[in-house]
Amino acid sequence: MNNKTRKVLVPLIAIVFGFLLGAIIMLAFGYNPIWGYEDLFISALGSARSIGETLQTMGPLILTALSFAVAMKVGLFNIGMSGQALAGWISSMWFALSFPDIPRLLMIPLVVIIGMVFGAFMGFIPGILRALLGTSEVITTIMLNYIMLFFSTFMIHSMFQKNILMDNTTDQTKLISANASFRTNWMSSLTDNSTLNIGLIIAIIALVIMAIIFTKTTLGFEIKAVGLNPDASEYAGISAKRTLILSMVVAGALAGLGGVVYGFGYMQNFVSQSASLDIGFYGMAVALLGGNSPIGILFAALLFSVLQTGAPGMTNDGIPPEIVKVVTAAIIFFIAVKFIIEVMLPKAKAIKASEATKKKGEKA
């Protein structure tokens, strides 16, 4: 079995196993899995509005998945997308609410740039610590998630101007003005007043740009080279330290952009968070399922968006929507142990070939 076929089969097998495990759990608790999955897909794709909501969910997932993929290609495990996205969200939201009268054509690029800059800074910290001190990026990105989580709460409680906060609360801001929102009338009317917004277009543009960088540029080659062998890259004249830092900066910028898309496309304000943003961890799952490739990320983001958007529909048959989280976790699990699947597939093929040879020998 060639490598391309394996890259396609392994995620598909993981998805099938994930849905099978979800079905087994539903059966064990007396629910009908066929009805449950039917309600899930109808809820996610059964109307123009639900399709719009599913597509809207894809935007932040694509961007955080790209963030994880960039780091993985250089050999780093970026678990800091939640903190990086949160940094992008709160910084850009603060700007938009503080200067609400900026024209839309100027406001949209500015909030995008601000979110990416602050996300990039959150990626720069673990990048430089890893490059110069050898500090594990896993530990630093996890810690930075918590630092950003609590710092964002401090910011909204103590640093935000009172005139941009919602009345009688310090836990959320007022809604952004129409000139800052990523929602458009034509996208809303096209999908029966869903929250579909230009964030999806921004995410797809980022996807195309990263695909070009990975395959057509010197930077993409250097990232892959350092990821495969840092020492050999240094010998060939590629600075591994510079590439590590730059990769984490790019990863942070993409995650920060994901936070901007989430805030200005879906939320429309900033709300104090009690836990890390889901889009960070789901982005990791999307990247793993998509094999860290842009096209794989696109389809994986669609699947996870369907699962998230359709989950509430399962309650129509009394099935807890948390079952979808089991399916999601199972898919991630089977992707994580894909080497087992990759070993099993060649062995199964070898056994079949051996049996076929024996049968031919017996006939002869």
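The chain as shown is numbered from 1 upward.
Including glycine, each Cβ sits where the backbone N, Cα and C put it.
These features come from Swiss-Prot:
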{"type": "TRANSMEM", "residues": "9-29", "note": "transmembrane segment"}
{"type": "TRANSMEM", "residues": "77-99", "note": "transmembrane segment"}
{"type": "TRANSMEM", "residues": "105-125", "note": "transmembrane segment"}
{"type": "TRANSMEM", "residues": "138-158", "note": "transmembrane segment"}
{"type": "TRANSMEM", "residues": "195-215", "note": "transmembrane segment"}
{"type": "TRANSMEM", "residues": "244-264", "note": "transmembrane segment"}
{"type": "TRANSMEM", "residues": "284-304", "note": "transmembrane segment"}
{"type": "TRANSMEM", "residues": "326-346", "note": "transmembrane segment"}
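Counted over residue pairs 6 or more apart, the CB atoms of the transmembrane segment (284-304) and the transmembrane segment (105-125) come under 8 Å in fewer than three pairs, which marks the two as apart.
The transmembrane segment (138-158) makes no contact with the transmembrane segment (9-29), as judged by fewer than three Cβ pairs under 8 Å among residues 6 or more apart in sequence.
77-99 is the stretch from 9-29, 77-99, 195-215 with the greatest number of Cβ pairs below 8 Å to the transmembrane segment (105-125). Long-range Cβ contacts of the transmembrane segment (195-215) within its own chain (Cβ-Cβ under 8 Å, at least 6 residues beyond either end) map to 52-53, 55-56, 58-60, 62-63, 66, 69-70, 73, 108, 112, 181-184, 187-188, 223-224, 254, 257-258, 260-262, 264-266, 294-295, 297-298.
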